[in-house]
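Beneath this line is the structure, given in structure tokens, with notes to follow.
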Amino acid sequence: MSSKNGEEFEDSFMEKEENFIGMSDTPEEAKKKSHLLAISLVLGMALFNVAAEQSSKSLVTEYDFGAPVFIQYFSTSWMMICAFVYSCGVLLQNLKSGTRWNSELIPDLKPIGFEPGHSILFKLRFCLLFMLIYVGCNVLYVEALRFLPNTITSSIMAMDPAIVFVFSIFFLKNFQMGWRRNLLQIIAACLAVAGTVFFAIEGNNDFSENALSDTITGVLFVCGSVLLSSTYKVAFAKFFPSDLGIGQVSWLLGIIGLLNLLLIWPLVLGLSQPYPHVSISSSLDSLSVAGIEVIDVANVPWDFLALSAFLGLCFNLTLNFGVAYTYPLYMAIGQALVPPLNFVVDVIFRQIAFSTLQIVGSVVSVSAFLVVLIPVKSKKPTENVKDAEKRDDEIITSF
């Protein structure tokens, strides 16, 4: 990164930290506090992400709770708290500053589709779209955890930034960013695909027909999840302005959680069939083929389910507050910490032995993510290019 670009990055980062560090701090103290906050948010986001994934893994394996649609329905509904937390923060700030208590409790929602003079369905069009993509992404990911360890699923999810960049070339007009950046995107995409191939051909250290079939099935599920995740990010950048505030993002997530609660329950009921006296582990496979999620009402691990939902909520809050109060690239780098952390947890606590090919696949997949973070300088930087680069950073962390 050039000296000039580095100064611009620091200035932008420091502007976003102004409220946190305080105007009375010296530049040296302000810089130190800003970086400490960024590091804390990055580590917090990565740890909450790993904890949420590991708890979901335990739900579908150790607790034999084979109901991915119900798990995501329960967890996504908790996102309503995002709007509540934001409004509570504004309320406390208003009371502290002496401003009218209800001032800006609800941010301007026009940028996320709530334009005046239209029907409620029209206003909710974007929220409905992103709710469906979000739900589909999480259902596929939780289902993949039945077949694959967290290390493998999170490593395959490292394809996400590479796919986002490829999609952005076609849908966000990122050709204007120059051939250097586009070349990095192609390299990253190839590395991501190569990493996935390593997982697919290995077969969970077991070359039996069933083990290989499970691995391929799990890879297909997580690939579907990463495609929906990438679609979410590109659509987010396509339909919403790049300067959405934390309030608008919090309320968007809150509305998505509310719509999930109100609209997805027929699907949950349609796929769920309570069998209070039937062993889930013995009937799960046959009923899953029929598209029925078995829920043993008497033995649902509600405490663990609530813990998983809470950890997912903490991940979403940490991610979105991090994007708002630091710089998007900081939070994007944190995603590269997830596969290694999952690897440590899987080896220590789940006693999972990984083969050489799977370890290589993890490294290659994470490398795909790191490649797209390599800074490149355009020959003739223009305002449009700067906007495109800013958007590239933001769409990585807008989910």
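Each residue, glycine too, has its Cβ placed from N, Cα and C.
Caution: TrEMBL annotation is automatic and unverified by curators.
Checking TrEMBL for transmembrane segment across the ranges 216-237, 282-303 points to 216-237. The recorded stretches the transmembrane segment (120-141) and the transmembrane segment (355-376) do not share 3+ CB pairs below 8 A when only pairs 6 or more apart in sequence are counted, and are therefore not in contact. By number of Cβ pairs under 8 Å, the transmembrane segment (355-376) is matched best by 147-171 from the list 71-92, 147-171, 216-237, 249-268. Ranked by the number of CB pairs under 8 Å to the transmembrane segment (249-268), the listed stretches 71-92, 147-171, 216-237 are led by 71-92.
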